[in-house]
Protein chains: 2
Amino acid sequence: MPLFFKISLFFFFVSSSYPLDNNHPLESLTLFELTQVTNIVKNSYFPLNVTFHYVGLNEPNKQLVLSWLSSTHHPALPREAIVITRIDQKTHEIIVDLSSVSILSDKIYNGHGYPMLTLQEQTAADELPLSYPPFISSIKKRRLKLKEVACQGYPVGWYGEKKKSTNRMVKVICYYLDGTINLYMRPIEGITIIVLLDQMTIASYIDRLIVPVPKANGTDYMGSKRRRSSHESNSIKIVQPDGPSFTLDNGNTVRWGDWKFHVAYDMRAGIIISLASMFDADKREFRSVMYRGFVSEVFVPYIDLTEEWYYRTYFDAGEYGFGLCAVELEASKDCPENAKFIDGYFISQDGTPGKMPNVICIFERYAGDIMWRHTELAIPGKVIRKVRPEVSLVVRMVSTVGNYDYITDYEFKQSGTIKVTVSKPRS
Amino acid sequence: MPLFFKISLFFFFVSSSYPLDNNHPLESLTLFELTQVTNIVKNSYFPLNVTFHYVGLNEPNKQLVLSWLSSTHHPALPREAIVITRIDQKTHEIIVDLSSVSILSDKIYNGHGYPMLTLQEQTAADELPLSYPPFISSIKKRRLKLKEVACQGYPVGWYGEKKKSTNRMVKVICYYLDGTINLYMRPIEGITIIVLLDQMTIASYIDRLIVPVPKANGTDYMGSKRRRSSHESNSIKIVQPDGPSFTLDNGNTVRWGDWKFHVAYDMRAGIIISLASMFDADKREFRSVMYRGFVSEVFVPYIDLTEEWYYRTYFDAGEYGFGLCAVELEASKDCPENAKFIDGYFISQDGTPGKMPNVICIFERYAGDIMWRHTELAIPGKVIRKVRPEVSLVVRMVSTVGNYDYITDYEFKQSGTIKVTVSKPRS
């Protein structure tokens, strides 16, 4: 299965083996549940081919969750999944109930927009041009080597067309390696390739103009090929000799200082923070700060009117999936030494669940900053001095969408605020 | 000398003993030089009383400094001091040449504005109301205890008056302790006390109205009296097993990564960063980023029109001195464990130089953030991954002006930018 080659490097596919071992109602679907869900849907449509674009928890309504939260014995709430599939070139939104092992609802979606791209269909689309004679001829015409070409499919956008198209499509853009790994620095401009995803065929091919490919020299970003700094830096680490101050239970509820919240992985949204609340020591109770928070969308419009660029107006969360594009986080690099990690579970196109190890990290952040301080000299005969360092708690995910690496941080501050940042470091 | 009581707790007055042991032209005046300067001025005006409000380096002009910088043997440049004094109720701006041990120029300043307040005159003004019968009577009328009152003098602002006043004055505001150290939470409102600083007398006293003093309960900011968090935190430290990566020579030139700059202490500006430059590995030379940078002013207007508040429009750097109000920095609290410290030297009102130990700290900052990263999946058969943590270098001073604690950070980033922040943590 060459289509799976790229992702199999990253994700260790695991077999479903154990049931839900906790009963937090907002916990992401487990491996066991994901397998159940896709089996229910596949069995229901057998022998039709079902492609899975999104499977996630269908959360119980807020009132149910809040009453669960305030009860002392925390009774298990119903577990449901929302499934977005393509079946017979139609988009289905299916709700699956896990306790009754049945489909609660199944609607065909006819509105604008399409399901998220799967990793498998992206890989398949990327490979199409490489064996497509007109493209091979275009590459030859440019005096480039076909084996140094790498392609990527991108959504086509929407420009007010009234007629709804049932065709899911991407435009495939190709880049040139040949001496660099930094392919985005060497676009092969002037070519527009439209791929129909359900058919996985090239529907339209235009080679409009030849633009010289920029040189490879100086584009490499790996350390060994970059010019060296005049001084090398000594290592710097954040250490907690007594361990982290936060706890993470097996239902992914985090407690830190006065904070309590739930963290979950979602294929589309990435991190979902729920039930974030802070302990009020005066009232001796938790006060709700945020019921549910996640990145709803990241819009990336290039605002370039040329034929090969006008459509580059991506929804990087909704089209690619911030969770699906998340990378395995590396200790001491993506997250500091004192981080703890959480795994995520996603569904591949054929319904097989996959594990994303260390997809979320949680750590106490200390940058040497001061949260609060005062030196009081106005009281005769006294010098009063109080300094409180700024320590916060960060929940992080990194999502790589094409050449963009998004760092999503939910930073919980002792002041009671949550600072959410989606940042793109230089890359 | 009761006037000196407050500051003698903080500053260890040292005798001048050693001459300049380096020849960086932008180095702050040394103890030896400061003593020379004040002796030259005092001798010149003997037997008149000279009060010193500011003494700092009179920098050589930029062309001289740049030619010094580009020369290989770094010849010592002339050392000059600028002195701002009050003599016979007039403000003098005096330039002293240290090599010829002489006064180069001496001008009487007649424009708007006044020299910085000295610590000694602030303390003296603060104590005046406590033995002033009308004030004692005001306190009695409010049924407050005089021994629980603490006062502070504040500049009076300027509201378009045409006539220039040669009188330096402050308005003294009093606060109530009695059960709290957080005096600013308990202002004794309704009283306006004008103190003439040169005469050190109360020139005007108005008790306009009685406002109840807020209660002390719940105002204490010291840890032992605050409500406890529901969880205590484990310690968190920034460590560099091989030591810091920056060097600091005895002329206070800092080198870190591709950066090189000079850091100096100034009574008014606090930190002065000079000759900040970055090594350009392609050109094999340093490129200038900033010739000289410092906080020119911090304006704090309260925008409250009532009689006792309208004048509160402070210049916290120029009236109080960001350097003069700087505090001794505490390792692991004001600055992280990996910080190095620099001392500063100031002049007290009578010309005695004083040492401010650990008044500037320098440390490498690492918050677990990512400076640069990319995971490349678009090259068939390869997964490329590169992550560079964000480490920067911070030069910090903390200046406590009344109830405000300003944290001034110059953050040097590997990207070549300098991020300057003057922040006031909650206090």
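The backbone N, Cα and C atoms fix where each Cβ goes, and this holds for glycine too.
Given the structure is predicted, the values throughout are model-derived calculations rather than measurements.
Summarising the annotation, TrEMBL assigns active site, proton acceptor to A:D316. Residues or ranges marked as active site, schiff-base intermediate with substrate in TrEMBL: A:Y404. Marked as domain 'Copper amine oxidase N2-terminal' by TrEMBL: A:24-108. Per TrEMBL, domain 'Copper amine oxidase N3-terminal' is recorded for A:115-213. According to TrEMBL, the domain 'Copper amine oxidase catalytic' annotation covers A:236-423. Under the heading 2',4',5'-topaquinone, TrEMBL lists A:Y404. Taken from TrEMBL, the feature signal peptide covers A:1-19.
Of all the Cβ atoms in the protein chains shown, 18 others lie within 10 Å of the Cβ of the residue listed as 'active site, schiff-base intermediate with substrate'.
In the three-state DSSP scheme, A:D316 (active site, proton acceptor) is classed as coil.
The average pLDDT computed for the domain 'Copper amine oxidase catalytic' (A:236-423) is 95. Note: the domain 'Copper amine oxidase N3-terminal' (A:115-213) comprises 27 helix, 29 strand, 43 coil (DSSP; helix = H, G, I, strand = E, B).
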